[in-house]
Amino acid sequence: MSYTVRKIGQPYTLEHRVYIEKDGQPVSPFHDIPLYANAEKTVLNMIVEIPRWTNAKQEISKEEFLNPIKQDTKKGKLRFVRNCFPHKGYLWNYGAFPQTWEDPNVVHPETKAKGDNDPLDVCEIGELVGYPGQVKQVKVLGVMALLDEEETDWKVIVIDVNDPLAPKLNDIEDVERHLPGLLRATNEWFRIYKIPDGKPENQFAFSGEAKNKKYAEEVIHECADAWEKLVSGKSDRGDISLANSTLGNSDSVDSSKLASIPRGENLPPAPIDGTIDKWFFISGAAV
């Protein structure tokens, strides 16, 4: 199953969108791409939103028709994540699992916080840098529970199944064995990344510990069930667009509606302010 991207507008502009296509037809990365890539449910599909080492805060747009990837904004301005020394941009290929949802109406019994109303976040730790809209096949290794502004914001740790290291990584302790320091750096990155923007340090559940593969799979299962309730009308959709081209439900759209999406264009990125590359030195950050 091969997916391609359809890019609209210049990167680093308010108009830029990345749609995902299957066989040339736009699909929703939130609703149409299956969570599992094999019958055994051991390989999962992940949508890359933010490639490693980049700063533009891009995400699946929950509210827009077919949920394209766009750059997040704050007060009308494009959002870029700051560089907190010694890090540069994101440490991993960052993205989301399709057909998952962190229900904002449900308080998790262990984190004591409600879901963040987004698809489940994923950190892919393989060696290749991805691209926005890439659909990677990954295997699950573990999960961290960030508490972001009083919401549970799970971060699932995965690796691309085609990565040379993938056969050696089967659970969270293997990550520390083969990639020493990465989990500690991941904890620090999420803890401090909002400080340059005047926000307080983020907190973690479980004292910042990364839970194992079994725990992560339970979280994924819960979020997949929550998505099922969302698309079947059992949960309040709020502002979320449930438009899709494959589910065969009341929100499914036909090809005439899909034709309303503009044709793709491969435009160069717009210039961005050089201060995006500034390093911020955070007191108490480990080096």
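Yeah, the Cβs are placed from backbone N, Cα and C, and that goes for glycine too.
The number of other CB atoms found within 10 A of the CB of Arg79 (diphosphate binding site), across every protein chain shown, is 15. Residues or ranges marked as diphosphate binding site by Swiss-Prot on the basis of similarity to another entry: Arg79.
For Asp116 (Mg(2+) 1 binding site), the number of other Cβ atoms no farther than 10 Å from its own Cβ, over all displayed protein chains, is 21. As annotated by Swiss-Prot, Mg(2+) 1 binding site applies to Asp116, Asp121, Asp153, with the evidence given as similarity to another entry.
Feature annotation from Swiss-Prot assigns Mg(2+) 2 binding site to Asp121; the stated evidence is similarity to another entry. According to its DSSP assignment, Asp121 (Mg(2+) 1 binding site) is in a strand. The number of other Cβ atoms within 10 Å of the Cβ belonging to Asp121 (Mg(2+) 1 binding site), over all protein chains shown, comes to 23.
Annotation comment: Swiss-Prot describes 244-258 as compositional bias 'Polar residues'.
Under the heading region 'Disordered', Swiss-Prot lists 244-269. Note on the region 'Disordered' (244-269): DSSP counts are 4 helix, 2 strand, 20 coil.
Taking the centroid of the Cβ atoms of Asp116, Asp121, Asp153 as the Mg(2+) 1 site, the other same-chain residues with Cβ within 8 Å of it are Glu102, Gly115, Asp118, Leu120, Leu146, Asp148, Glu151, Thr152, Trp154, Lys155. Residues near Asp153 (Mg(2+) 1 binding site) in space but far in sequence (CB under 8 A, at least 6 apart, same chain), listed by position: Glu102, Asp116, Asp118, Asp121, Ala145, Leu146, Leu147.
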